[in-house]
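What follows is a set of notes on a single structure, which appears directly below.
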Amino acid sequence: MLLDRLRTSGVLIFVSIASLYADANFSVSGAPGLFLFPLLLFFALGTAADLCGLLLRAGFPVHRGVILAATALIALSPYVPVVWNTVSALVPNALSPYPVDCPIGQMGWITLAGIVATLIFFLDEMKDYSVGSDPSGVLRRLTASMFTATYVGLPMSLLVVLRGLGADDVSATGAGNWGLAALLSMIAITKSTDAGAYFTGKSIGRRKLIPRLSPGKTWEGSIGGVVVATLVAAACIAFLFPAISGADSAPPLGLALLLGPLLAICGMVGDLAESLVKRACGAKDSGNLLPGLGGVWDVTDSLIFASLPAFLCFAAVA
């Protein structure tokens, strides 16, 4: 079990580092995050597939393929300007860069994708509907499908937008990589919460947090996780940002006092949210795609709820 966990973690870390390195050094101007496309697609589809499996296990008659397509549509929608600018850089005579005054922008594509995804779910139901169809089955499938696509797709799409923050600042060393530093900081802060909570809870944990959902979590461990997350946030601002995007580009150090606790709490809520669904469905792990780690959702659970506050905090100082 431990060996499987180490192997799987090693592969994920290697692929992630390779993708991040390529994105930092080889992305074309105006197209930040291009090399993170496969990684984002894997985590988005893997998380949605795990959730679909749990819903099917609990008796929800969802259509897995339709949900995966809708989730990918929402999660990858901010890539429209990225792909546009990449093609423009490769064949400048055939396509102009993405217009800066486009009313849709990048965030607008997420809204459009959400509307199209909703339309897809309704069309899927219309295709199979008959007079004798079970109305409760139709409504349960619609609500479960929309929940899955938005719960997974919207936060994942924000990671793309987070990566693009500061990409227009071409005056500093490491131009275009400010958003990459923000994305790495968000992941490091959120994941360090898990480690801090685990080791603090093992050492001095006494009072259970929510034993009916996660018996191993304690109040002491949670506080330890918040403290560790705040320290990691300060380290990211002090060292990671200057290393990746230039010495003068780092956010104010005081941001760590907000960013650390906020991402830690949201990450822990995301972890408990997954525990709630797994317990409701009678499952121990969300899936088995990642040997030793469980399902993909077991990796992304804390990042999903942390993506929005991370984006808002970094966007405010970008």
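Every residue, even glycine, has its Cβ placed from backbone N, Cα and C.
Feature annotation from TrEMBL assigns transmembrane segment to 34-56 (among others).
Feature annotation from TrEMBL assigns transmembrane segment to 65-84 (among others). Beyond the transmembrane segment (65-84), the same-chain residues lying 6 or more positions past its ends with a Cβ under 8 Å from any Cβ of the stretch are 30-34, 37, 40-41, 44-45, 48-49, 52, 95, 97-98, 102, 105-107, 109-110, 112-114, 116-117, 120-121, 124, 145, 148-150, 152-154, 156-157, 160-161, 164.
The transmembrane segment feature in TrEMBL is assigned to 104-123 (among others).
Annotation comment: TrEMBL describes 144-166 (among others) as transmembrane segment.
Under the heading transmembrane segment, TrEMBL lists 178-200 (among others).
The transmembrane segment annotation in TrEMBL covers 221-244 (among others).
Taken from TrEMBL, the feature transmembrane segment applies to 250-270 (among others). Within the chain carrying the transmembrane segment (250-270), a Cβ under 8 angstroms from the stretch's Cβ atoms is held by residues 185-186, 189-191, 193-194, 197, 217, 222, 225-226, 228-234, 236-238, 241-242, 301-306, 308-310, 313-314, 317, all 6 or more beyond its ends.
Beyond the ends of the transmembrane segment (34-56), by six or more residues, the same chain brings 15-16, 19-20, 22-23, 26-28, 62, 64, 67-68, 71-72, 75-76, 79, 82-83, 86, 144, 148-149, 151-153, 156, 159-160, 163, 277-278, 281, 283, 286-287, 289, 295-300, 304 to within a C-beta distance below 8 angstroms of the stretch. Within the chain carrying the transmembrane segment (178-200), a Cβ under 8 angstroms from the stretch's Cβ atoms is held by residues 20, 23-24, 32-33, 159, 162-167, 169, 217, 220-229, 232-233, 236-237, 240-241, 244-245, 249, 259-260, 263-264, 266-268, 271, 302-303, 306-307, 310, 314, 318, all 6 or more beyond its ends.
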